[in-house]
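Structure record follows, encoded as structure tokens.
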Amino acid sequence: MMKLKSNQTRTYDGDGYKKRAACLCFRSESEEEVLLVSSSRHPDRWIVPGGGMEPEEEPSVAAVREVCEEAGVKGTLGRLVGIFENQERKHRTYVYVLIVTEVLEDWEDSVNIGRKREWFKIEDAIKVLQYHKPVQASYFETLRQGYSANNGTPVVATTYSVSAQSSMSGIR
């Protein structure tokens, strides 16, 4: 199923969820700093770069394309962290790790909509995401659990469902 957006065709899975892809863009393989971008809707808020998949596009290809458009970075695509479901917004997002190897001075969203980017330590990224993007904050928790659950070998997560109400209850 597809729906036309101003600049792209949206694709949906069999359950009617929008198919999305995103990357946790790390400065190095140590995965200590991650790149976030300003939201197009709320420029004072930070988000994980990602977006809708195009028809017939593989999730990994969409993830790399989206981070180049939104964050102006290229790199080495790594493991799939998981497939995250946002029940409130009806999205399913494939989230990958990307180790940044090239940072573009000017990129599509910086030129077109003035999007900004900034490096964050993981704990700080979680803090800035947890209130307005709890599903995105959960990407980092899953990343951590993947390492600890298998002695440093990442465990590929299946679908995670986070509703705004359940995720906010754990925040103090």
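Note: Cβ is positioned from N, Cα and C throughout, glycine not excepted.
In Swiss-Prot, the motif 'Nudix box' annotation falls on 51-72 of the listed ranges 29-50, 51-72, 73-94. Put simply, Lys90 (substrate binding site) is 21 Å from Glu70 (Mg(2+) 1 binding site) when counted between their Cα atoms. Considering other CB atoms within 10 Å as the measure, the emptiest surroundings among the binding-site residues Arg10, Lys19, Arg115 are those of Arg10. Within the set Arg10, Lys18, Lys19, Arg20, Ser39, Ser40, Arg41, Arg89, Lys90, His91, Arg115, Lys133 that the record links to substrate, no two Cα atoms are more than 25 Å apart, and one pair reaches that distance. Checking the binding-site residues (Arg10, Ser39, Arg41, Arg115) against Glu66 (Mg(2+) 3 binding site) with a 10 Å Cα-Cα cut-off leaves nothing.
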